[in-house]
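Below you'll find the structure, written out as structure tokens, and then a few comments.
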Ligand code: CP
């Protein structure tokens, strides 16, 4: 593995999940693998889980992790080529990424979409430029269109908790007051399409995700129908893809409550976090026996650790 930016960077997702579960049993088995190697974690946006789980994963492998919140601590970055930098930007991504490539062995980048210009966001311009100019292996810590470390942790969690070989997994849209990216649902759909699950997506009309991510999924606007016999429910808000970045609904009828679980197969409920209680997901579910949100977040460490292990083994 050179870079980890999507499921396409993985040759065998089941083998990767099993390897992550082995690391979970014995987190320090490879504590010499990353000795004298440095992981740079560069955040253009806020984070709790991604930052801390990546640091922990690096530590478990003997790597040193250096974190920079470049949006607050760095020079304002210019990402466009051919512009005279006489405005507010101070440093070009060509030099910034090039310098990081000198300091680090592996680079993690978080860069959210602006949700203003779909073509720009879906081109993954910033992530691709870091790959191009840093010239070292790059791990996506969530980009314009995907959040692969989250999706890998989600698949690890489903694998750990499933009680049948091929569970029914439902991704349901949830209400929110802010326009959120499509990266988590895109990525989850992309990973589920390759996993051994029956995958259903439910959302209000207008919230269709880009087709490239939803191949093979059953898509319905009827949440009640979607939830029947569900084994896992993945709750997430996203803004519209087609009417790009818009909030088309805040309908509280889409809020998942214990009552909605009655027709499910005692479904386990997942969310990537952070979550707004009683807006996006009910407190009664978050505090109840069906919630997997904390074990899911715990698995972020082993998702990051198995990816870093693969990169270290393949490149050094
Ligand atoms: N799920 C997730 O990526 O959490 P953070 O934004 O806190 O990193």
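In case you wondered, yes, glycine gets a Cβ from its N, Cα and C as well.
TrEMBL has this to say about the protein:
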- 47, 48, 49, 50, 75, 110, 147, 148, 149, 150, 272, 273, 300: carbamoyl phosphate binding site (BINDING)
- 142, 176, 236, 276: N(2)-succinyl-L-ornithine binding site (BINDING)
- 2-160: domain 'Aspartate/ornithine carbamoyltransferase carbamoyl-P binding' (DOMAIN)
- 184-308: domain 'Aspartate/ornithine carbamoyltransferase Asp/Orn-binding' (DOMAIN)
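Around residue 276 (N(2)-succinyl-L-ornithine binding site), the same-chain residues six or more apart in sequence whose CB sits under 8 Å from its CB are 176, 177, listed in sequence order.
Rounded to a whole number, the C-alpha distance linking residue 49 (carbamoyl phosphate binding site) with residue 236 (N(2)-succinyl-L-ornithine binding site) is 16 angstrom. Taking a Cβ distance under 6 Å to any atom of ligand 1 as the criterion, the binding-site residues 47, 49, 176, 236, 272, 300 reduce to 47, 49, 272. For the pair residue 300 (carbamoyl phosphate binding site) and residue 142 (N(2)-succinyl-L-ornithine binding site), the C-alpha distance works out to 13 angstrom. Note on the domain 'Aspartate/ornithine carbamoyltransferase Asp/Orn-binding' (184-308): DSSP counts are 45 helix, 20 strand, 60 coil.
Reduced to three states, the DSSP call for residue 149 (carbamoyl phosphate binding site) is helix. It is 147 that, of the binding-site residues 147, 176, has its Cβ surrounded by the most other Cβ atoms within 10 Å. Counting every protein chain shown, 19 other Cβ atoms lie within 10 Å of the Cβ of residue 49 (carbamoyl phosphate binding site). Cα-Cα distances to residue 236 (N(2)-succinyl-L-ornithine binding site) place none of the binding-site residues 47, 75, 147, 149 within 10 Å.
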